[in-house]
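K.L.:
Encoded as structure tokens, here's the structure I'll be asking about.
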């Protein structure tokens with residue numbers, strides 16, 4: 001069967017559409033579960049209303065959406081079954097959908113109990129058979145009921161609709177035989193007419209519409225609210241325009257309609273009035289979101305909210321287990337009641353979650369069928385995430401009234417069963433732990449101890465290169481392990497797929513952020529400078545090749561940075577670049593007069609001729625400025641030695657304090673906070689920063705062995721001394737160490 005050609009048929013009378021509506025669905029499912037209820041007046045209760053009832057109860061005056069008290073007054077022998085748990089109805093709906101797929105893949109679900117089917121391809125297939133080609137009377141009822149034959153239309157749709165009635169009859173019989181459920185069916189050439197004509201005769205019956213009587217059928221509907229696609233608000237607007245029936249809408253002045261509704265809406269309403277509908281039957285796949293909401297009396301206590309979320313989460317996980325996919329996002333829905341304004345409004349927050357919170361196992365006895373379950377301890381972690389989202393919506397310092405709570409899982413992904421996924425072989429934990437660069441912008445430096453992430457904080461991490469942005473200390477950074485480092489936009493807060501705790505108001509997956517034009521230009525400039533930097537420097541630029549303590553600290557603001565080239569900079573007020581690369585400066589170490597000094601390649605060549613040229617060195621290191629104040633020559637940049645720092649006199653201590661007070665701090669360090677630190681701590685910080693630069697330069701220029709020997713023969717290196725003790729830098733600035 002050529003189903004692709006069916007989608008292109010939007011002309012009049014070319015398609016054959018079947019609409020199936022299950023009879024009193026919730027109540028019928030309960031009758032199937034308990035056959036003794038078939039002869040009794042049965043109502044399905046949700047909260048304080050009867051959401052639906054069987055035909056025995058309807059015969060006694062009970063209607064849908066009637067209050068429980070009123071229904072029991074009208075029908076004292078009414079049997080009520082709690083229908084708040086939708087799991088049995090959801091399972092039956094899926095079984096119905098699976099059965100319909102045996103006839104055509106073009107099946108569109110409309111709630112639990114309704115389905116559209118485009119059987120055009122199946123009808124064409126049966127038309128090829130001689131027995132079916134003969135014009136046989138349709139099965140079931142026909143509109144109009146005066147005996148008008150389907151052949152009243154000469155476009156050839158009569159035979160197609162007649163075959164469609166036989167297909168609908170076969171489907172209804174199979175549903176009754178295999179699932180024990182009955183339904184009504186409507187057959188027409190479009191979705192709108194098929195749905196409306198199917199309700200003409202119920203329960204457990206079917207009706208076909210003669211195509212040429214579509215306008216008359218719509219006119220006889222009378223009330224506008226019976227037309228699918230016209231809601232309560234639209235009906236009120238039509239009443240204001242003087243139209244209360246379908247017939248009046250058919251005869252309306254289109255100029256008046258366009259002024260009131262606009263061209264598109266006015267045209268759509270006019271088409272609905274005449275039964276015109278070109279919408280296609282869109283095959284339903286697995287849902288993008290699985291959610292659940294619970295309306296309640298006003299809640300104003302946090303513990304009550306947490307308990308209701310716990311119940312919702314437990315029921316929601318059961319639905320995920322049936323679905324078989326793993327969600328990577330969870331959304332909280334709240335309806336807050338304003339007692340002063342006497343109004344309610346909804347608010348939502350969403351957060352990404354780790355797939356590792358779920359585990360997949362094979363169902364026993366069923367080949368190829370997997371079941372998704374929560375991992376050990378995952379429910380408590382998810383509940384903590386939910387409550388954090390709740391506290392982002394509700395100000396806990398003020399009174400609140402919650403009248404509805406909801407949870408939803410989204411961003412589903414298929415998960416392979418077992419541990420043989422290729423990702424398990426390509427990812428190493430050691431590599432992942434170093435591929436992050438911490439920003440120190442807008443941080444609080446008052447805590448002297450590092451905090452280790454708790455288990456629930458780990459659940460927020462969607463990737464090892466991200467941190468929890470709910471705490472301003474963390475800023476998202478990402479790098480690659482390629483020789484050319486990724487440009488980091490210090491002002492970007494996008495990339496929701498990499499965030500650990502991202503807030504959204506919608507459930508759609510956000511697209512990946514595009515690279516800016518300046519980013520592409522800087523990447524091009526970086527590639528042209530590869531010859532200057534050399535292959536070894538490129539390797540050092542990879543975060544996976546460096547220790548975390550060797551990575552310099554970045555800031556989100558515009559600050560001085562290492563230059564990207566060896567060209568000397570003579571400008572003292574050049575703006576700092578917005579984008580940064582994790583790239584050490586192109587410098588070399590020279591041993592002059594028995595001490596280590598920082599000089600650039602170009603400065604080294606001019607050192608003998610111009611001793612003051614170091615002042616224009618392309619390495620604007622803040623440490624250079626601080627050391628230059630106490631050094632005997634402007635061309636020397638001696639490294640501080642721990643041994644000389646430990647033994648100081650009162651006069652030298654005063655000089656050191658003055659020098660440290662005027663130091664220009666490196667990128668990412670607050671100068672005011674630095675000045676408040678003890679003198680020995682300031683000295684240690686400077687030594688640690690310089691040792692990191694030394695290590696980077698040694699690896700860049702291939703002089704690691706020679707420099708190490710030189711350091712060993714002279715004063716002991718600070719990095720070596722600090723290796724035996726905890727680096728104070730990370731005690732004050734890093735919380736994820």
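Keep in mind that glycine also has a Cβ here, set from the backbone N, Cα and C atoms.
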K.L.:
Please identify the range among 651-668, 669-686, 687-704 that Swiss-Prot labels motif 'Ubiquitin-binding (UBM)'.
P.N.:
669-686
K.L.:
Looking at the ranges 482-515, 516-549, which is given as region 'Disordered' in Swiss-Prot?
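P.N.:
It is 482-515 that Swiss-Prot annotates as region 'Disordered'.
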K.L.:
So which range, 443-464, 707-728, gets flagged region 'Disordered' in Swiss-Prot?
P.N.:
443-464
K.L.:
May I ask you to report the DSSP-based helix, strand or coil state of residue 26 (2'-deoxyribonucleoside 5'-triphosphate binding site)?
P.N.:
helix
K.L.:
If you draw a 10 Å sphere around the Cβ of residue 113 (Mg(2+) binding site), how many other Cβ atoms fall inside it, taking every protein chain shown into account?
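P.N.:
Its Cβ shell of radius 10 Å holds 22 other Cβ atoms.
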K.L.:
Just counting, how many other CB atoms are there within 10 A of the CB of residue 58 (2'-deoxyribonucleoside 5'-triphosphate binding site)?
P.N.:
18
K.L.:
Among the binding-site residues listed here (21, 26, 58), which has the Cα closest to the Cα of residue 114 (active site)?
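P.N.:
Its closest listed neighbour, by Cα, is 21.
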K.L.:
Reported in the order helix, strand, coil, what are the DSSP residue counts of the region 'DNA-binding' (212-277)?
P.N.:
46 helix, 2 strand, 18 coil
K.L.:
From the Cα of residue 58 (2'-deoxyribonucleoside 5'-triphosphate binding site) across to the Cα of residue 21 (Mg(2+) binding site), what is the distance in angstrom?
P.N.:
18
K.L.:
Over all shown protein chains, what is the count of other CB atoms within 10 A of the CB belonging to residue 114 (active site)?
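P.N.:
Its Cβ has 19 other Cβ atoms within 10 Å.
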K.L.:
Residue 113 (Mg(2+) binding site) to residue 26 (2'-deoxyribonucleoside 5'-triphosphate binding site): how many Å between their Cα atoms?
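P.N.:
It is 9 Å, counting Cα to Cα.
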K.L.:
So how many of the residues in the motif 'Ubiquitin-binding (UBM)' (669-686) end up helix, strand or coil by DSSP?
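P.N.:
So the motif 'Ubiquitin-binding (UBM)' (669-686) is made up of 14 helix, 0 strand, 4 coil.
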